[in-house]
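Colleague: After the structure tokens below, expect a handful of questions from me.
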Amino acid sequence: MTKRVIIAGITGSMGQKCADLIESLTDFELAGVIAPDLTADCPAAKKLSSETKLFIDLKDLTLAADIWLDFTTPQAVFNNTKFALEHHYRPIIGTSGLTETQISKLQEIAAKEQMGGIIVPNFGLSAVLLMKFVQMAAQYFPDAEVIEMHHEDKLDAPSGTAAATAQLIAKSRLEKPLAPAAHVAARGADYEGVKVHSVRLPGYVAHEEVLFGGPGEALTIRQDSFDRASFMQGVKVALEHVSELSELVVGLDKIL
Ligand SMILES: NC(=O)C1=CN([C@@H]2O[C@H](COP(=O)(O)OP(=O)(O)OC[C@H]3O[C@@H](n4cnc5c(N)ncnc54)[C@H](OP(=O)(O)O)[C@@H]3O)[C@@H](O)[C@H]2O)C=CC1
Ligand SMILES: O=C(O)C1=N[C@H](C(=O)O)C[C@H](O)C1
């Protein structure tokens, strides 16, 4: 049966790419889209089928749909996900910026509503694998720092991927790091004792490097998204499998 999808953030870079993806898939249709400045004559709306409903505010959104695909902003994502769960749209959340406390709260709501869904810090396969590999490395190299590099339009820092990577390193370490955690700006932000450095430059898309250091040796793990196309296979997998989830999970590896 065809699954009906709502895209939140349709006027953005990822929202646009996801609309094209859904258009190309036979088992999915774009039932509705939402963005605060959306108008019927804006370029994002003009490309859509006349069947797709346009919304600018959650309070007006009443629609029969199966899936909520969110690429909005760190400010909007918590309320959007809550709304999706409470209206029984299965959330696929690509937007960065959810804190651990917010994720726990959303997982509680999902359990109460008996809804499954997925929060994906990064849909790129190279980033999913990087996050697997860093967990292994952190068991042997407790000293690690993360450098994330993104395009100049990225609003938030550090990236959701870097925050998730730092948390995975912190959880996987078996010993305390040796390096002192000096709290000065030049040493980066501190995520559970893992330093994270954010770079914003034109020409970049989305990149992450994790440096591990030990006595007399070092290990570097790096991934690069050179194009947003790198995220679309992961979005497709999430669309295909989100309905199999019975809780709100974090990470694309949960359904790969
Ligand atoms: N998980 C992953 O693999 C990836 C995640 N991302 C994340 O996705 C998010 C979006 O990225 P990107 O598309 O590049 O960003 P953009 O800034 O291009 O798009 C964000 C869009 O969200 C819209 N928006 C803002 N508030 C709301 C709201 N309350 N409801 C609906 N729409 C809203 C904005 O509209 P307006 O401009 O009118 O405010 C804008 O169109 C970011 O958090 C980014 O980090 C990005 C790439 C991959
Ligand atoms: O804003 C982006 O571009 C990206 N955001 C996500 C993040 O914050 O980690 C995923 C990817 O890095 C691209």
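Just so it is clear, glycine is given a Cβ too, placed from its N, Cα and C backbone atoms.
Checked TrEMBL, it gives:
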- His150: active site, proton donor/acceptor (ACT_SITE)
- Lys154: active site, proton donor (ACT_SITE)
- Gly9, Ile10, Thr11, Gly12, Ser13, Met14, Gly94, Thr95, Ser96, Val120, Pro121, Asn122, Phe123: NAD(+) binding site (BINDING)
- His151, Gly160, Thr161: (S)-2,3,4,5-tetrahydrodipicolinate binding site (BINDING)
- 4-123: domain 'Dihydrodipicolinate reductase N-terminal' (DOMAIN)
- 127-256: domain 'Dihydrodipicolinate reductase C-terminal' (DOMAIN)
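Looking at the shown structure, what environment does each listed feature sit in?
Modeller: The Cβ of His150 (active site, proton donor/acceptor) lies under 8 Å from the Cβ of Ser159, Ser198, Val199, Arg200, Tyr204, Val205, Ala206, His207, each of these being in the same chain and 6 or more residues away along the sequence. A strand conformation is recorded for His150 (active site, proton donor/acceptor) in the three-state DSSP classification.
Counting only same-chain residues at least 6 apart in sequence, those with a Cβ under 8 Å from the Cβ of Lys154 (active site, proton donor) are Arg200.
Sequence-distant contacts of Gly94 (NAD(+) binding site), defined by Cβ-Cβ distance under 8 angstroms and a gap of at least six in the same chain, are Met14, Leu69, Asp70, Phe71, Val120, Phe123, Phe231, Val235.
Every protein chain considered, the tally of other Cβ atoms within 10 Å of the Cβ of Gly160 ((S)-2,3,4,5-tetrahydrodipicolinate binding site) stands at 21.
Look at the domain 'Dihydrodipicolinate reductase N-terminal' (4-123): DSSP puts its residues at 43 helix, 26 strand, 51 coil.
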Colleague: Do you know which of the recorded positions His150, His151, Thr161 end up with C-beta under 6 Å from ligand 1?
Modeller: none
Colleague: Between the Cα atoms of Ser96 (NAD(+) binding site) and Thr161 ((S)-2,3,4,5-tetrahydrodipicolinate binding site), find the distance and write it as a whole number of Å.
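Modeller: Checking the Cα atoms of Ser96 (NAD(+) binding site) and Thr161 ((S)-2,3,4,5-tetrahydrodipicolinate binding site) gives a distance of 8 Å.
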Colleague: Residues with Cβ closer than 8 Å to the Cβ of Pro121 (NAD(+) binding site), same chain and 6+ apart in sequence?
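Modeller: Listed in sequence order, they are Ser96, Ala127, Met131, Gly160, Thr161, Ala163, Ala164, Val250, Gly251.
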Colleague: Given the recorded (S)-2,3,4,5-tetrahydrodipicolinate site (His151, Gly160, Thr161), which additional residues of the same chain have their Cβ within 8 Å of the Cβ centre, ordered by sequence?
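Modeller: Residues close to the (S)-2,3,4,5-tetrahydrodipicolinate site, other than His151, Gly160, Thr161: Ser96, Pro121, Asn122, Glu148, His150, Lys154, Asp156, Ser159, Ala162, Ala206, Glu208.
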Colleague: Counting every protein chain present, what is the number of Cβ atoms, excluding its own, within 10 Å of the Cβ of Gly9 (NAD(+) binding site)?
Modeller: 25
Colleague: For a quick check of packing: other C-beta atoms within 10 Å of the C-beta of Ser13 (NAD(+) binding site), how many?
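Modeller: Other Cβ atoms within 10 Å of Ser13 (NAD(+) binding site): 12.
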